[in-house]
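K.L.:
Please find one structure pasted underneath; my questions will follow.
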Amino acid sequence: MAPHNQQIGTAKRKRPAETPAAGKQDTSKKPADTTNKKAKTSRDDKTASVKKLFSNALPVGPLTVSKLKGPGKEEAVFPRGGGSVLTPLEFKEVTNQAVKDVLFETGASMSGERNAEGNMDMDGEGKKPKHKKRKTEHAKKDQKKGDTEKEDTGPKVEGLSFKRIVPGTIILGCISKVNSTDITVSLPNNLIGYVPITSISEQLTKRIESLLEDGENDNEADEEGENDKADQDLTNLDNYFRVGQYIRACVISTGKDIPEKSGKNGTSSAEYTKHKKRIELSLHPSLANAGVTVKELVAGCAIQASVTSVEDHGCIVDLGLEDKTITGFISSKELGNQLTLRDVQEGQVILCTITGMASNGKVVKLSGEIDKPIGAKKGKGDTWKGGLWLAEAPTIDTFTPGTGVEVLVTDVKNGGIRGKIMGMLDIVIDYFHCHGWSENALEERIKIGSKIQARVLFTNPNSNPKKLNLSILPHALSLSSPLGKPKEDPTTALPIATILDKAKVTKVDPKLGLFIDVGIAGMPGFVHISRIADKKIDDLPESTGSYKVGSVHRARIIGYNAIDGLFICSMEQKILDQKYLRVEDVKVGEVVKGTIQKLLPSGSLIIELSDGITAIVDENHLSDVKLKSPEKKFREGLAVSGRILMNDPAKKQLRMTIKKTLVNSDAPIITSYENAAPGMVTPGTLVKVLTSGAVVKFYSDVTAFLPVGEMSEACIQDPREHFRVGQSVIVNVLSVDVENERIQVSCKDPKAFGEAQQKALAGIQIGQIISGIVTGKSAMDLVLTLQDVGADGLKGTLLFTHLVDGSKQKAVQAFKNIRVGQTLKDILVLGKLEAKRLIMLSLKPSLVSAAKEGKLVKGVEDVKEGDVLSGYVSNITLHNALVTFPGGGSGAVSRSCMPLERVSSLDYGLVRNESITATVCRIDHSNGRFYLTLNKYEGPQKVEKSQKGGNVKILEERAKAITINNPVDDTLRSMADIAPGKITKAKILSIKETQLNMQVAENIQGRIDITQVFDSWSDINNKKNPLQQFRKDQILDVKITGIHDARNHRFLAITHKQTNTRTLFELSARKECLKKDSEILTLDKIEVGSSWVAFVNNHGEDCVWVNLSPSVRGRIKILELSDDAGPLKDLDKNFPIGCAVKCHVTHVDIAKNKLDLSARTTNVDKAITYDSLEKGQVLPARVTKVTEKQVMVQLSEHVSGPIGLTDLADNYSLAQPSKYTKNEILRVCVVDVDKVNKRVALSTRPSRVLSSISKVEDPEILTLASVTLGDVRRGFIKHISDKGVFVHLGGVVTAYVKVSDISDFFVKEWKTAVKVNQLVRGKITHVEQAVGQVQMSLKPSVVDGKAQPQIQWNELLVGQVVKATIRSTAEYGVFVVVDGSANVSGLCHKSEISDKKVENVRKLYSPGDAVKAKVLSIDLEKRKISFGLKASYFEGEGEDEDEDEDEKMADSEDEESDGGVNLATAIDFNSDEEVEEQSEDGDAEMSDAPPLTTTSSGPALSTSGFDWAGSILEAAPTIKGEDVDSDSDTFPADRRMKKKSMAAKIKQDMTGDLDTRSPESVSDFERLLMGNPQNGELWVRYMAFQLQLSEVEKSREIAERALKTISSVLKEGLEEKKIIWAAMLNTELEYGTDESLEEVFKRACVYNDSLDMHERLCNIYIQAGKHEKADSLYQAALKKHGSTTLSLWTTYATYLFSPPISSPDRARAILPRALQILPKTPESTHRNLISKFAQLEFTRGDPERGRTIFENLTSTYKGKSDLLIVWVDMEMKLAKGNGEVSGVRGLLERKLGVSKGGEKGKTKVKPKVAKVLFKKWLEWEEKNGDKVGVKKVQSLAAEWAEEAKKEKVDKDRMKMIIGDDK
C-alpha cells in the first residue's frame, strides 16, 4: 500500500504555511479545465514538488490539521499570504498522481480515468496503447461537444457485505445477544458476527485459564466450594456486557472449510469441502486498535480499552498499543449512565473517547460516555450533539470506527453520499446509513458542499486509496437505541416472528427491496428483493405494480439489526406459513407436530418441527412402555405428535416427548419452581429410582423428590422392584421450596385424603388412646389404619421398638407375632406431622398407662421437681440423653445425672426408643426446659451466690449430707472429708497404660495419672511398661489433687465445680507429694533446657505426644526421640503408649499452650540446623516424599534434603526409591553442606552410614576429580534432549552421551530406547577438567573394549559386500547405512532390491532391518554410494565372506569342549553325504538357504538371508527329498572346508531364523505371513505388535487383511478367523468406543456362530473387569439363544455364583426361568439342567441346597443311576476340601441300603450301579480314609452281593410258582 494510505499528506513534518485550512468547498466552481492559468501552473509545480519528495523516498511528516469551525463560523475567502490556491481535494489528487508516476513510471497523463473504486487506472502496462489513446480521444471529444456533466471520479458508494469482509477489517458493532460462551454482535448492512469468550481480552482469558487450573486442583476442594459463586460470576458474560452496548471489533475469520458427509459420484468425501460462513470477531484492544500509535491519541478519537485494574476513583485500562508503557484511565464519573464502578469487572471491554493526556504523557484520559456531550477545552475539540468529535488528526489511523467526525459532502448520488474528512480522506455513506428510505429525497436533505456530522462505521483494508464508511443515522451518531431509550429493546416492542397483517410500503428501491411501516416511528422494516415472494423478482417499479408505494401486504419479522436500525422482514408465503422461525419461538409444554428425521443408534429420535428446527426425543420418552426394537415402530419421514420438554436457546436445543401420557394430558404442567403449587396434580417422568424414593422430572429440567412413603397406599420396601427409570407417573405436589429449588410430590390419590380426613387429622390429639387395624408390615414398622377417629383412611406408623417396654429382643419377638389384618387396641398417639399426614403411634405399656392416668407432659407447666415420669429415649448426644413423654414434652438427662456405671458405657447404656423412668430434678422456667435424673432424687439443690455474684459454692451442709459407702480409709465419713491435699488410701481397680483406676469408696472413684506415680527416673523399673510393677486390689497411699474432666480429659482444680459421689478425683501417689505440700506442675513453671521424665500418651504422624503431668502435655518429634535411627523405625515396639522417656525442653509457648521436647543425648544444647551440620555426620531422618528420582527426608524441623539415586545404595541396581514409604525413618550421612544456600547432600549408602566393609559395586563420585578417562561407570539418565542424553554419575558430575554413542546399531526412534532415571553403563571417553565436562559412550563395543575402527567413505570399494541397516524407505528404494561406519549411507534403488520386480518396497523392508548390501558405485566428491540387495549379487560370496571366522571356529573346536558349544556338531546329521545332497548351485546358495527343517507354521525365514526372488519356493521340493546327484563335484574335496561351510551355514540359520526368536519389525511379520498366511495366531501377534506402537488403525487394517486372507473353506480356517474376531473385539474394547465395539460385534455375529461370539465377548468383558456389560450381554444372549442352548444357562449361573459378582440369589433365580424357556423334550434337557445347578451349589453355593436338589432328582428319576453317581462324586470332592467324611459315607450307606438303621437286603440300586458305587467308595476310603474304613467297605460289599444273590433266587422261585399257578 502506498505511503499516502497510511498517513495524511506529509506525516512527519509540519504542513507548509501556504497550505490552506480545510473549509467549505466552493461548489459553484466550474470543472478543472475552466480553472485559471495560475492555478494550473501552481498545480503542476506542486505535482513536481511532491513527486520529488516521493522519488527521494523521504519520510512524510505530520500535518498541522486545521481546527474544525463551529456553527456560525465562516472560512476566510482569501487565505493569508503565501497560501496555496489548491483546495484540499485538488491537493490530494496531485499527491496521488505523483505517487503513481514515481512507483510505476507509467508516464500517464493526469487526466486518466478512475476505476470503480475511485483509484487511478493502474492497468496501463497491461493494455494496448491504442486503448489508452481511444479513451483520451473520447474524453477530448466529449469536452469539445460541451458535455458539462462532471466525470464520476469519486469512490464507489457501497456498504458492507460478506464478500467484502476480510480478516483485519475493523467494524463498529452493537451487541444483540450475550450467550454463555460467546457474544452475538450486529454489524452494518444486516450482518452478524460472533465473539468467542477467548477473544474478548487478555485479562479475561487469563482469569478463565486460572479458574480452570484451580478447578483441577483437588487439594483445596473445601476452599474452592466457598468460591463457586465467584467462579460462576467470572464466566458469566452478562456481567461484562449488555445488549445494546456498542463495541469495536476486528474480523479474525469469515468461516471455515468443512468436509461434506458424502462424496460425489462415489468418490471419497474428503475430496469435497463446504465453506461454512461465520464471521468471527475479536475485541482485543491490540486488534481493535490496530494501527493506532501514541501520536494518534488525540482528543475525540474513539479507542477500545480492556480493564486491567479497578481502583477507588476509576479503573486502569489496557489500550493494546505496542508501547506497553502507555495506559488509560477512566474516572468513575466518566463511566457512563449505565455503568458504575462497582459493576466494572477486570477484563471488561469498553469503547471510550479520548479526552486528553496526562502531564507525564504516559496516561491517556478516557471517557466511557462516548454518547454524551463532553465539555471541550480550547484547542482540544468542539462539542456537538452526541459527543466529543474529532478536531485534529495527525494521521489517517486516527479515524477509527466509532469516532465522530465532520464530513465535507462532495457528491450525493446513487442513493449515497461521498465526501472528505478534513479535505484529505475519502469517505462514503451507503444507502442504509444515510437514511435513504426517508420520504424526502437525499439530495434535498444533504447538499453538496455542506458539512455534516457522521460516525465511522468500518475500515476498508483493501481500498486504495484508503476510504472509510460512515453513518449519519441518529442512533449511530448518539450510540444509543433507535427507540431513544437506552435499556429498551425494539424486539420487545415487536418480537421476532411477529406477523404484520397490514404492512404498508413506504419506499421502493428497484434493486434492493421494499421499506415498510411496522408500526414503530423511525424504525421501518426492510424486505429484501429476494424475500418479497416465493418466486424470483428481478426489478421493482416504484409507482406501478403490486409492490408500489402505498400498497399493503402481509409480512413477518425475521430479524432486527441494531446498527442499521431496521427490522428485517419477509413477505414470502412459505415464511408466513412457517410455524416456527427460531428455537426461541417454541414454547415449553406446547404440543407440536413434526416428522422423524433420523433414528440414532442410542435409540433417540430427531424430529423436524420446522425448516431448520429439530428436537430430540430421548429413548425414555419414546413410549409409555419400554420398546425392545424402536426402529420397527419409528421410521424416517413418519409424522408424530409430541410435547416440548425443554428449550435451551443458548445451545439451540429442543427436547420433546411423544409419550401419550404426557402428550394427551390436560393437567397443568410445571415449567419452573415458581409455577408449582401444593395440591397441583401433574404428570412427570422418573429419572432416578433410589431405595429412599425416586426423582421425578417435569418440564425445563424441574425435578421433584418422591419419597418411598408417598409412592403408594400400600407399603413398598424397595422402589426399584415397582418403578423403573423412564416411567411416567401422575403426582400431586405436597410442598414447594422455591428458594432452594425443591419440590416434594406424592403418588397417593389426593382425593383419598379429603376434607373429612384433614378435619379428623386435626382433631387427633397427642396422648390420645385409639385403636387400629394392621394393614402393612415392613422390616422395621407397622402401618395401621386408624379406627373411630372421625374419618376413614387415616394411617399411622408404629415402630417395632414401641411395642413393648422391654429389650430389643422382646420387641422383635412381639413384632413377629403381629400379622396383617390384626386389630390393635390401646394405642397411644405419640406425635403427628400434618404436612406429611404422618401419625406416630406407640404400644409401650408404660406410656399407655401414663396417658390413661392423665400424666401428659407437654411442657414445663405440666411438671414439678420430684415428679417421676415414664417416657422413652428419643435422642442421645455426647453430653446428655433426651427423654420424650406422652403429650410430646421432652426433658434432658445430663451426664452428671446418670449412674456411674452408665457414664463409662457407650451411649450411657441407652438405645433409642428404650422405655425409661426419670425424676424431674430441675426446672428452667425462663427457657421453658426441665431436667431429669436417673439417680436417687435428693431433693431440690439449694445454692447461694457470693457477694460479688461470682462462683457457686458447695454448702457444707450438703457436703456433710452426702455419705460415703465402705471407704478404703476408715477415717472418711462424708464428702466433707474429701478436700484438696487430703492424704488417704485407695485401692487399685484396674491398670491401664497411662493411669491407675482407683477406688476411694464404693461410691467414690479416682485415678492416678502415670506422671503422679514416680518421683524420679530411677524409680521406674520397666521403662517400656512402668505400671507393670502394680497389681489389682493393691492399696496405695494417695493425695487428692483435683478432679478429672471426663468430657475432654482435662485436669481441673478441686474447686472447679460442685463435687458429689459421681465425681472422678485426680490422685497422686508420688512419695515427694505425700510428704509435703506440692503443687501440680503447670506449663508456666517449665523452662527451656530443663530435664523431665515424660510418658508417651499417643503417637502422631511425625511426633510422639507425652505427658509431664496431668495438665502438661508436650510433643517430641520422631527424629528427637533417639540418637540412633534404629529404634525409630518401630515406634509401637520401642516407644509404646505409657513408655517412660527422659527428655529436655527445647521450646515453650505459654500463649499457644505448646511445649516441644527432645530425647536426644548428644548435642543437647545444639539444634540441627544448616550451620550445625558437618560432613560425615550420621543422623536419623524421616522420609517426607518419594519420587522416581529421589527420596526427600527431614533431619529436623528446619533442615531437609533429597537423596538422589546415586546416593541410595552402593549397588545402583538396588537404588529403588519406591521401596521407601512416607514417615519411614532412615539413617543418613551428610555428604556435603551448602550453608549459604541452605542445601544439604545426603546419602544412605551402607558404606557411609554403616561400619561394614561390604563391597561397593558403584564407587561414589562427588567431583570431577573422581572421573578418569577410560573408566567404566554406571549412572542414571537425568535428561533426554534431541542431541543426546545426560547421565548423572554422582555428586555434581553429569556425563553427556551423544546420539551416535548410544548404540552400536542404527535405531530410528532412539528416544524410545531410553528413559529418564534409567540405569545405564558406559565408558568415559572425554574429560575436560577446566570446563567440567564429561563425555561417555554407551555402546557395548566401546564399553566392553571391543571397539573397531569405523569404516570411512574412502575405504569402500566397488563390488565390496558389507553389512548394513535400513535407515528409511521410499517409493523408489531404500536408504541403507553401513554397520560400523562413520555414518556412511547410500541408496539402493527399487530396481536393485530383488531379481524380480518389486511393487511395494515398504512391504519388504522397514527401518531397522539388517541386510547384506553390495557396493555398486561410489562418488566420493558428492559422497554418494549406490547399493544393491539382489540375491544374485551374493552367489558364491557366502563362504568367502566368513572364511576367517569359520577357520577360527574350526580351530577352536578342542577349546570349546571345555565349556563352549561347537555349532558344527550341535545338530545331528545322518551322514556327511546328506549335507552334500544339494543341487549343482547348492554351494553358492547355501549361505542364504533356509534351514532343512520346517515347522507347522511354514518354512523358516532368515532375517539376513531371505531370497526375495522367491527361489525358496523352487528349492522346496529338492529339500523335501528330490533325488540329486550326490557325486557332484561342486563341493570341495577337502573335508575341513566342508565342515567350515557347514558351520557357517548352521551359525547363520541359528541366528537368523525367525522361528527361534520373536518378530521385531513389520518386515519380520510380513515375511512370516508370506509363508503361513492361514495362521490366525500370527496375525494376532502382528496386531498386538502394532498396538504396542500405538498404531491402532494399522492394527485394525491388519485384522481386516487377515479376515480376507484366511480361507473359510476348511473348518480350520473358520476357527482361525474366530481368533481374529476375538482379537478385534479386544482391540475395540481397549482402544475403541462403545459404538465401534458394537459394530464389530454385530459383524462377528453375522459371519460366525452368534452364540459363540456372545460367549467370547462375555469372556472378554469378564477379563477386562467390565462385569455390568458382561451381565447385560449374558441376558441378551439368553433372550436370543436361551430356548435352544442349555450350556448358556449354566455358564451364566456359574458367572453369577463366582466372585466378584457372588450373587447366589440371582443365580438360583435363573433355574425356574430356564425350566420355563427350555423345551421339555427330550426329558434329559431339564434333568441335566437341574443336575448342573445342583453341582454349582456344591462347588460355589450352599452344599445343603445341592443335596436337596439331588435328593429330589434321584427320587423323581429313579432309573437314572448317573444322577446318583454324580451326587456321590460331588460329595467326595466336597469332603476332600473340608475333611467331612460323614457326608460321603452316609449317602453311600443310605443309597446302597447298608446303613445301620436300614434293613439289610433291601437293595436300593441295581447290581451294576452298586458295583460302581462300591468301587468308588473303596478307592475313596483308600485315599482319604483308614484301614478300618477300607475293611468295612469290603465287608459291606460282600454282604450286599450275598443279599443280592438271595433276592435273585427268591425272585426266580416266585416266578416259577406264579408260572405253575397259571
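Any Cβ shown, glycine's included, is placed from N, Cα and C.
From TrEMBL, here are the annotated features:
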type	residues	note
COMPBIAS	26-48	compositional bias 'Basic and acidic residues'
COMPBIAS	128-143	compositional bias 'Basic residues'
COMPBIAS	144-155	compositional bias 'Basic and acidic residues'
COMPBIAS	1436-1458	compositional bias 'Acidic residues'
COMPBIAS	1470-1486	compositional bias 'Acidic residues'
COMPBIAS	1492-1503	compositional bias 'Polar residues'
DOMAIN	168-284	domain 'S1 motif'
DOMAIN	300-369	domain 'S1 motif'
DOMAIN	497-572	domain 'S1 motif'
DOMAIN	589-659	domain 'S1 motif'
DOMAIN	679-748	domain 'S1 motif'
DOMAIN	767-844	domain 'S1 motif'
DOMAIN	866-935	domain 'S1 motif'
DOMAIN	981-1057	domain 'S1 motif'
DOMAIN	1089-1160	domain 'S1 motif'
DOMAIN	1176-1245	domain 'S1 motif'
DOMAIN	1270-1339	domain 'S1 motif'
DOMAIN	1359-1430	domain 'S1 motif'
REGION	1-79	region 'Disordered'
REGION	109-155	region 'Disordered'
REGION	1435-1503	region 'Disordered'
REGION	1519-1538	region 'Disordered'
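Distances, neighbours, how buried they are, the whole picture for these features please.
P.N.:
Within the model, the domain 'S1 motif' (497-572) shows a mean pLDDT value of 89, rounded to a whole number.
Assigned with DSSP, the residues of the domain 'S1 motif' (679-748) fall into helix, strand and coil as follows: 6 helix, 34 strand, 30 coil.
Look at the domain 'S1 motif' (767-844): DSSP puts its residues at 13 helix, 37 strand, 28 coil.
Across the domain 'S1 motif' (866-935), the DSSP tally of helix, strand and coil residues reads 11 helix, 34 strand, 25 coil.
In terms of DSSP secondary structure, the domain 'S1 motif' (1089-1160) contains 10 helix, 37 strand, 25 coil.
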K.L.:
When each of 497-572, 679-748, 1359-1430 is checked against the domain 'S1 motif' (589-659) for Cβ pairs under 8 Å, which one has the most?
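P.N.:
Looking at each of 497-572, 679-748, 1359-1430 in turn, the most contacts to the domain 'S1 motif' (589-659) are made by 679-748.
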K.L.:
Summarise the domain 'S1 motif' (300-369) by DSSP state, stating how many residues are helix, strand and coil.
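P.N.:
Summed over the domain 'S1 motif' (300-369), the classes give 6 helix, 33 strand, 31 coil.
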K.L.:
Counting only CB pairs under 8 A, let me know which of 679-748, 866-935, 981-1057, 1176-1245, 1270-1339 has the most with the domain 'S1 motif' (1359-1430).
P.N.:
1270-1339
K.L.:
For the domain 'S1 motif' (1270-1339), how many residues does DSSP put in helix, in strand and in coil?
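P.N.:
Counts, helix then strand then coil: 7 helix, 37 strand, 26 coil.
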K.L.:
Pull the DSSP breakdown for the domain 'S1 motif' (981-1057) and write it out as helix, strand, coil residue counts.
P.N.:
10 helix, 36 strand, 31 coil
